[in-house]
There are 2 protein chains.
Amino acid sequence: MAEQKATNVHWHEGDITREHRAKLLGHKGATLWFTGLSGSGKSTVAVELEGRLNEMGVLAYRLDGDNVRMGINKNLGFSAEDRTENIRRIGEVAKLFVDAGAIALSSFISPYAADRDQVRKLHEDAGMDFIEVFVDCALEAAEARDPKGLYKKARAGEIKNFTGIDDPYEAPASPEVHLHSDRQSLDEEVEQILAVLRERGIIPA
Amino acid sequence: MAEQKATNVHWHEGDITREHRAKLLGHKGATLWFTGLSGSGKSTVAVELEGRLNEMGVLAYRLDGDNVRMGINKNLGFSAEDRTENIRRIGEVAKLFVDAGAIALSSFISPYAADRDQVRKLHEDAGMDFIEVFVDCALEAAEARDPKGLYKKARAGEIKNFTGIDDPYEAPASPEVHLHSDRQSLDEEVEQILAVLRERGIIPA
């Protein structure tokens, strides 16, 4: 009898899919890939967006230097090879979060178009939304902010291969969201992103 | 005026934390680390548990060979060094999921105690629940099942360093959950795990 009773509670629908999790959470998963110069405001927008999404009951999770560079990518340096592997791993982690139903907010300079395009392909091949958010900001404005004092060090030659100084930043050709952080308010930026999430049916209208 | 209106919608509570996400989801995050021989039934239990948790409105996500070995760990082989790096990365990904509020179900043989203990430490140092689930099964029973025909190949010498045949399986000394898949029903196993999740306050009682 115990055996029979137990059998009744079996889960019969096979593996849980993205659709099951979207139903549970009330929204779809997606990756928002923030890219832009150091000091352009990527993390500022991502933090604000995460707060707004949480208020709306949407599960979002930020991937940034704090939890990635110190964790899964702590055995990577800053050679060209390691930078590419850094972005590849972040892309794979973001994809797992999308599969789990969450909105992954990836916030890294990610200066090379080829690396970003590889992550885009990973997502699109799996039928997942990849939304490239270009946090566009004039170099002078980013350098004037210099929140971590990194431009100063790069100008002094203490940091080599610094994006925008002695290493290129390859701007996205056709990002899904193009922000201008040197002339938009934070709220305008967040609203612009939310509008795209609604248009795509990722979050409720 | 538009500026002022926009300012009102700012998120004022700083970074979203694990506590915010637990409130949103209605449960805590945790890692359930399934370990056991090939064919012991790790994935079978994890799939069933994931279904049951989804029915209960709990966000769970399985990390397994399909989504990890083909994704973030696709550049790793089976050398001792690569096996350790494989488990390290899975542990770091699981930790990110816990931080995001989900229940990560990791389903890998993970035969070495030192590797598992490293992942445990990662979680416990961050104040996160790490629940080792030992899917205990006699080698003969696992080999008799041989769902992927791997034991047959290992016995024939076609696969080297196969856990249980010519590579050791280091059983957990004090797992949080000790299942006996060669004599328990699937439902008994799932109920045993759910009881621990309730006791620890990870899911509602």
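Placement of Cβ uses the backbone N, Cα and C atoms for every residue, glycine included.
Per TrEMBL, these features apply:
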type	residues	note
ACT_SITE	B:SER110	active site, phosphoserine intermediate
BINDING	B:GLY36, B:LEU37, B:SER38, B:GLY39, B:SER40, B:GLY41, B:LYS42, B:SER43	ATP binding site
DOMAIN	B:28-179	domain 'APS kinase'
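One way to see the shell of the ATP site is to take the Cβ centroid of B:GLY36, B:LEU37, B:SER38, B:GLY39, B:SER40, B:GLY41, B:LYS42, B:SER43; the remaining same-chain residues with a Cβ within 8 Å of it are B:ILE109, B:VAL135, B:CYS137, B:ALA142, B:SER181. On the 0 to 100 pLDDT scale, the domain 'APS kinase' (B:28-179) averages 95 in this prediction.
With a cut-off of 8 Å between CB atoms and residues at least 6 apart in sequence, the same chain places B:PHE34, B:THR35, B:GLY36, B:SER107, B:PHE108, B:ILE109, B:VAL135 near B:LYS42 (ATP binding site), listed in sequence order. A sphere of 10 angstroms centred on the C-beta of B:SER40 (ATP binding site) encloses 27 other C-beta atoms.
Here B:SER38 (ATP binding site) comes close to B:ILE109, B:ALA142, B:LYS148, B:LEU150, B:TYR151, B:PHE162, B:THR163, B:GLY164: these same-chain residues lie at least six apart in sequence, with C-beta atoms under 8 angstroms from its C-beta. Separation of the C-alpha atoms of B:GLY39 (ATP binding site) and the residue listed as 'active site, phosphoserine intermediate': 13 Å, rounded to the nearest whole number. DSSP assigns B:LYS42 (ATP binding site) to a helix in the three-state reduction. The two recorded residues, B:SER43 (ATP binding site) and the residue listed as 'active site, phosphoserine intermediate', show a Cα separation of 13 Å.
Nearest by CA distance to the residue listed as 'active site, phosphoserine intermediate', out of the binding-site residues B:LEU37, B:SER40, B:GLY41, is B:LEU37.
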